[in-house]
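According to TrEMBL:
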BINDING   A:Gly118, A:Val119, A:Val120, A:Gly121, A:Asp122, A:Thr142, A:Ser143, A:Lys155, A:Lys164  NAD(+) binding site
BINDING   A:Glu197, A:His259, A:His278  Zn(2+) binding site
DOMAIN    A:80-192  domain '3-dehydroquinate synthase N-terminal'
DOMAIN    A:194-343  domain '3-dehydroquinate synthase C-terminal'
There are 2 protein chains.
Amino acid sequence: MNALAEAAPAAERIVVPVALAERSYDILIGRHQLCEAAQVIASRFPGARAAIVTDTNLATLHAPALESCLQQAGVTATRLTIPPGESSKSYARFSELCDGLLAAKIERNDLVIALGGGVVGDLSGFAASVLRRGVRLVQIPTSLLAQVDSSVGGKTGINSSHGKNLIGAFHQPALVVCDTALLDTLSEREFKAGYAEVVKYGLIDDAAFFDWCEVNWRRVMEGGPERDHAVATACRAKAAVVARDEREDGDRALLNLGHTFAHALERLTRYDSARLVHGEAVAIGLSLAFRFSQRLGLCSGQDAGRVAAHLAAVGLPTRLQDVPGGAGTASDIVEAMTQDKKVKRGALTFILAHGIGKSFIAPGVATETAHDFIESELVERI
Amino acid sequence: MNALAEAAPAAERIVVPVALAERSYDILIGRHQLCEAAQVIASRFPGARAAIVTDTNLATLHAPALESCLQQAGVTATRLTIPPGESSKSYARFSELCDGLLAAKIERNDLVIALGGGVVGDLSGFAASVLRRGVRLVQIPTSLLAQVDSSVGGKTGINSSHGKNLIGAFHQPALVVCDTALLDTLSEREFKAGYAEVVKYGLIDDAAFFDWCEVNWRRVMEGGPERDHAVATACRAKAAVVARDEREDGDRALLNLGHTFAHALERLTRYDSARLVHGEAVAIGLSLAFRFSQRLGLCSGQDAGRVAAHLAAVGLPTRLQDVPGGAGTASDIVEAMTQDKKVKRGALTFILAHGIGKSFIAPGVATETAHDFIESELVERI
Ligand SMILES: NC(=O)c1ccc[n+]([C@@H]2O[C@H](COP(=O)([O-])OP(=O)(O)OC[C@H]3O[C@@H](n4cnc5c(N)ncnc54)[C@H](O)[C@@H]3O)[C@@H](O)[C@H]2O)c1
Ligand SMILES: NC(=O)c1ccc[n+]([C@@H]2O[C@H](COP(=O)([O-])OP(=O)(O)OC[C@H]3O[C@@H](n4cnc5c(N)ncnc54)[C@H](O)[C@@H]3O)[C@@H](O)[C@H]2O)c1
């Protein structure tokens, strides 16, 4: 695997290894990596056929380029397209996609290539994990959120009417390719939403990276080396956590910083992306997690203030009042949190922080404590 | 785990361990084991709630007994019932079952208990493997086929219109309980069908067990210690293969003895159990595998004759002509075999034998060779 890192000019491509014994893989990061990715696929998986799964947006924007790169590299590929948006993470699309992959004659040594955002990655990753009891998956994430979060770590899945991501599998990809030039076509709103997850890694355990974000965020948006650095830093952080705790039995839960609140808000806004997309909910969740920590006397008001100020400067929401149409009452929010799968026998688990870069898992937070905090947020900030 | 084996009176319960490192588990075998199973569940998985998945036949016959045993042992259980038969291994039942398990609030530390034949086991095993990305599964197989084959080894799955078991997961159970008294209510036809899989283990690599079967098969049908011995021998054989090759990358494929033919016949009879059930197709497949081996000069005519004679004595079909309504032409059968997932890039893989107890994997058998053999079978035996 190191041979790759040496062969590529350092400035152009960053290789982040994910160390998971026989399930180890590389994340390749850089601009204009599609043809290089096709070469890597052809050499690492000789003879494998590929099915590209993508959504209708990416089918126009980037699938043709990937297909011509694969063709040049001698890889036979077919394309399967799903509608964009969270509603594609459904049982119905799952069974359609599985049947589509079978119709495309994808066998156990072949590949599924997920070209898209987290929706395409989660759905096609789950399909790949169960097709013939598991075929290889290559993730080519096209949204910032997917590049820094969902494509790495092997979580795949679909939603049920009982909640998000409740049906799924751990299925590590065989390769992840983050072509940061693909993000040039992403809407500003989606880019910012993904950026909330970038900031999260600084807040978890890398205060220096948070400092860097405060200074460099505009250049991350514009593209160029800062964008690649941000994606690589996020991937390295996620890879390290996943390597320590592949199946979230322990401190992988740190990655849920901001997410207990975020999932509740997404649930209360009925996953209506017109109102709130995941990363926006995370931005509010990060701000709340730090203010909650402050209120519990764990974290300074200065740190909590910096977190919200940076996210707001970028143009992300940071308060419950920022949810279009409102998030509901404190009871609604607590109720929505207790339906989350991170609930263990009634007690709520939060990720809290002693400061920027000092997050920790706090299991067993009483629902009343959370309720009081949320109520104060709703009152104080009207 | 050995503590268990010591605690139980040897004559009453046999414990077969399946050695798979951190996924190891026990198979408990004996008559009237439901209440003991409930005790084991209560002590090994303290605090876990259980969802019993069963079919409408078992719901009347055996679910109430299991439920009262669980209640006595202090385990909270709910019941989810599916229609009996292969058609329940569908996307539609899968999503219904997942939603049912979520509605029953089965969380990551809870249990799914599959009480039924291979259909219940395969469907609920698959659902357990993906529910919240994996919850524990206890198999309580109620058909002979499920006790000696499908409940052990972790293969789970559902069917697609493209073929059987094409969507699924490897998900090892946490415990398997083979209560051989449950088989008393099984129809003679289903019992015999399961018996074909028992004989298979002798044919693969245990000639002495095949000898034993020829002598003792009637007592296996009647119940008593011979039945337990047969189930335990089969489970031990399967456990050993699975421990060597959990994900069928190598010699686990030996368990497919007779199955390349069997799957083709099931496909050609459209999985219509009125015409052919799986074990009957396997009985024909075993006979064909030995006659094919004989024709290729690998195996003596005497051994091939003994295989068919024993299966016929039990009342199982052994010839293509035994398929009600006919199996189709040689081309139909070869065509159906090439659609099977054991096909690698056009070449057919068979399990062939140098004699009883001397089976081996034969990859790359030319389709013409198979075609000629099948044609001779259809001609010679009209
Ligand atoms: N598996 C995990 O570990 C994990 C982690 C975090 C989030 N997720 C999941 O990820 C999903 C969200 O992912 P997402 O934010 O990428 O959403 P998404 O996949 O819906 O993409 C957002 C929108 O951007 C479009 N898009 C994507 N790339 C584009 C590009 N390069 N140019 C133009 N448009 C582009 C898509 O077509 C879509 O309309 C959620 O379902 C969430 O549950 C999974
Ligand atoms: N997972 C594996 O490794 C594996 C291996 C072999 C077969 N299989 C699968 O197993 C399935 C076949 O299993 P099966 O033969 O048990 O079929 P099944 O589950 O359909 O059961 C056969 C019939 O017997 C009834 N029944 C079961 N137990 C009974 C009892 N104790 N008393 C009365 N009736 C009872 C059932 O209700 C059903 O009507 C197939 O789908 C096959 O693909 C899986």
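The count begins at 1 with the first shown residue.
A Cβ is built for glycine as well, from the same backbone N, Cα and C atoms used for every other residue.
Shown here: features listed in TrEMBL, placed on the structure.
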{"residue": "A:Gly118", "record": "NAD(+) binding site", "Cβ contacts under 8 Å, 6 or more apart": "A:Pro141, A:Ser143, A:Leu145, A:Ala146, A:Asp149, A:Ser150, A:Ser151, A:His278"}
{"residue": "A:Val120", "record": "NAD(+) binding site", "Cβ contacts under 8 Å, 6 or more apart": "A:Val53, A:Thr54, A:Asp55, A:Leu58, A:Ile82, A:Ser88, A:Ala114, A:Thr142, A:Ala146"}
{"residue": "A:Asp122", "record": "NAD(+) binding site", "Cβ contacts under 8 Å, 6 or more apart": "A:Lys89, A:Ser150, A:Lys155, A:Thr156, A:Gly157, A:Ile158, A:Asn165, A:Gly168"}
{"residue": "A:Lys164", "record": "NAD(+) binding site", "Cβ contacts under 8 Å, 6 or more apart": "A:Lys89, A:His263, A:Glu266, A:Arg267, A:Tyr271"}
{"residue": "A:Glu197", "record": "Zn(2+) binding site", "Cβ contacts under 8 Å, 6 or more apart": "A:Leu144, A:Leu145, A:Val148, A:Asp149, A:Ala234, A:Gly279, A:Val282"}
Task: Near-site residues: Zn(2+), ref A:Glu197, A:His259, A:His278, CB cutoff 8 A to centroid - done: A:Leu145, A:Asp149, A:Ala196, A:Lys200, A:Gly258, A:Ala262, A:Gly279, A:Ala281, A:Val282, A:Gly285
Task: Three-state composition of the domain '3-dehydroquinate synthase C-terminal' (A:194-343), taking helix and strand from DSSP - done: 108 helix, 0 strand, 42 coil
Open item on the list: If you count CB neighbours within 10 Å, which one among the binding-site residues A:His259, A:His278 has the smallest count?
Closed with: A:His259
Task: Cβ atoms near A:Ser143 (NAD(+) binding site) (within 10 Å, other residues, all chains) - done: 27
- [ ] Sort the residues of the domain '3-dehydroquinate synthase N-terminal' (A:80-192) into helix, strand and coil with DSSP and give the three counts.
- [x] 47 helix, 35 strand, 31 coil
Task: Across the domain '3-dehydroquinate synthase N-terminal' (A:80-192), average pLDDT on the 0 to 100 scale - done: 97
- [ ] List those of the binding-site residues A:Gly118, A:Glu197, A:His259, A:His278 whose Cβ lies under 6 Å from any atom of ligand 1, in sequence order, or write none if there are none.
- [x] A:Gly118, A:His278
Task: Site extent for NAD(+), whole Å (max Cα pair distance, A:Gly118, A:Val119, A:Val120, A:Gly121, A:Asp122, A:Thr142, A:Ser143, A:Lys155, A:Lys164) - done: 21
